[in-house]
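Engineer: According to Swiss-Prot, the protein carries these features:
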{"type": "TRANSMEM", "residues": "32-52", "note": "transmembrane segment"}
{"type": "TRANSMEM", "residues": "87-107", "note": "transmembrane segment"}
{"type": "TRANSMEM", "residues": "114-134", "note": "transmembrane segment"}
{"type": "TRANSMEM", "residues": "145-165", "note": "transmembrane segment"}
{"type": "TRANSMEM", "residues": "174-194", "note": "transmembrane segment"}
{"type": "TRANSMEM", "residues": "202-222", "note": "transmembrane segment"}
{"type": "TRANSMEM", "residues": "233-253", "note": "transmembrane segment"}
{"type": "TRANSMEM", "residues": "318-338", "note": "transmembrane segment"}
{"type": "TRANSMEM", "residues": "347-367", "note": "transmembrane segment"}
{"type": "TRANSMEM", "residues": "382-402", "note": "transmembrane segment"}
{"type": "TRANSMEM", "residues": "417-437", "note": "transmembrane segment"}
Amino acid sequence: MITDQNSKPQQGELPTTHIDALTNSFSQFLRIEATSGAVLLLATVVALTLSNSPWSDGFRSLWETPIGIQIGAFQFLRSLRDLINDGLMTLFFFIVALEIKREVVLGELRNPRMVAFSVVAAAGGMLVPMGLYLALQHGQPGQHGWGVVMPTDTAFVIGCLALLGSRVPPGLRVFLLSLAVVDDLAAILVVAVGYSRSIDWTALALGAVGLVIIRGMALLGVRNIRVYFLAGAIIWLAVNASGIHATIVGVILGLMTPTAGWVSDQRLGEILRKVLSYPPGDHWSGDTEDNRALQVAGIAVRETLSPVERLEAMLHPWVAFGVMPLFALANAGVSITIKGLINPVSLAVMAGFVLGKPIGVTAFAWLGVRTGVAIRPAGLTWGGLVGGALLTGIGFTMALFIAGQAFQDATLNAAKLGILAASVVSSVAGLTLLCMFPKRDQTLDADFH
């Protein structure tokens, strides 16, 4: 390693190297949540461009490429698209579950009435669009796609808020994140229950046994994350064979992840004081007492963080900048035609997102506050909430995912067009309204009271 001799880190900081100038900037880039929305948008544009170009047939065929393994009588063969949708997306759902667990135990969702505000608003944002969709598609071939209009895309919503900067009303970001988390959890359950095949109970029982084993390993104090990932992969195979959509495994494992660190802050302090008690010098190598103490300190520092925090920090960049763009490339490609846009399924999807979402979120949130069931977050005006409610019409990722489970061929193409069109309209409408209203809109607040 080449160290920058001219660089003098401040006391308590790590020494710097020449490569840090590049890697630190890149790490900061990955930490910006809004950036993932921009990358996702870029992948979507690429998919749409290639799907409507002379290379469209080759682009679509790429995602149907069969990939798998065979060991004796065991054979696992899936298309590249299925591996992304069923396999890699499990990591996405795992991250979503980690966020849910963290928010409920450590974050904004600890306050029951604050939780109620997000849950009630999310319920309206799911029930009203679903009801509107079913009203338009009752008795039609697209009726089975009622789950498409339920979710909200967190990355795109946060990306939109980032464009507004300081104009975003206080509390709106937390509210939309909480609402999106509830939306995603409900959408995951819809996929698992509403869009699964006939169930193989033996395979499902094997998956349940695997979950019990993972719980047992946690109680015994097994700390190696690789062991849990291996066990999770085996459970995924069992649940996938059962007929239930295997992405539910990611949710269950995420919710099972502990939120407390193994090493307490007090114990960490004691271990570090022991390391610091040794005299300075080049004596930290070899099988010596001070070297062993240093290794223990390294483990203690890592284990002070909870598994939820460690896994989220480790996996989030891979999911945001790897899994999600791949998902968009594999699923957002759609042939843009006037016939597809005026298809009844496309129109029903657009109505559900563009009209149903904001109406449902706003109306249910208002009812929750009026009945005393929930409290509105401090600093969140009703004008800001309406603008945010319009942004919840950006369904994209989860909507495309559910559409892939509910539809095939031409109907799927129409549903994708509806999702994309609704996402564009909702983002423009939401951003416009949030720009029009100041942070504190007393007039609209008074009207709602």
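Using the three backbone atoms N, Cα and C, a Cβ is placed for every residue, glycine included.
Keep in mind it's a predicted model, so treat the numbers as computed, not measured.
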Engineer: Flag the pair the transmembrane segment (233-253) / the transmembrane segment (318-338) as in contact if three or more Cβ pairs fall under 8 Å (sequence separation 6 or more).
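Structural biologist: No, these stretches are not in contact.
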Engineer: Grab the same-chain neighbours of the transmembrane segment (202-222) for me: Cβ-Cβ under 8 Å, and only residues 6 or more beyond its ends, written as numbers and ranges.
Structural biologist: 228, 231-232, 234-235, 238-239, 241-244, 249, 252-253, 256, 258, 262
Engineer: Where, among 87-107, 145-165, 318-338, 382-402, 417-437, do we find the most CB pairs under 8 A to the transmembrane segment (32-52)?
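Structural biologist: The stretch with the most contacts is 318-338.
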Engineer: Please work out which recorded stretch in 87-107, 145-165, 174-194, 318-338 has the most C-beta pairs separated by under 8 angstroms from the transmembrane segment (382-402)?
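Structural biologist: Answer, by Cβ pair count: 145-165.
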Engineer: Go through the chain and flag residues at least 6 beyond the ends of the transmembrane segment (318-338) whose CB is under 8 A from any CB in it; none is fine as an answer.
Structural biologist: 30, 33, 35-36, 39-40, 42-44, 46-48, 50-52, 56, 59-60, 63, 80-81, 84-85, 88-89, 91-92, 95, 155, 397, 400-401, 404, 413, 416-417, 420
Engineer: The transmembrane segment (417-437) vs the transmembrane segment (174-194): three or more C-beta pairs under 8 Å (separation of 6 or more)?
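Structural biologist: Answer no, regions not in contact.
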Engineer: Let me spell it out: take the transmembrane segment (347-367), skip the flanking residues so only those 6+ beyond its ends count, and list any with a Cβ under 8 Å from a Cβ in it.
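Structural biologist: Same-chain contacts beyond the ends: 117, 120-133, 136-137, 142, 145, 148-149, 152, 179, 374, 376, 382, 385-386, 388-390, 392-395, 399, 415, 418-419, 421-423, 425-426, 429, 448.
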Engineer: Near the transmembrane segment (114-134), which residues from the same chain, at least 6 beyond its ends, have a CB less than 8 A from one of its CBs?
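Structural biologist: Hits for the transmembrane segment (114-134): 104, 108, 143, 145-150, 152, 175, 178-179, 181-183, 186, 348-349, 351-353, 355-357, 359-365, 367-369, 373-377, 389, 392.
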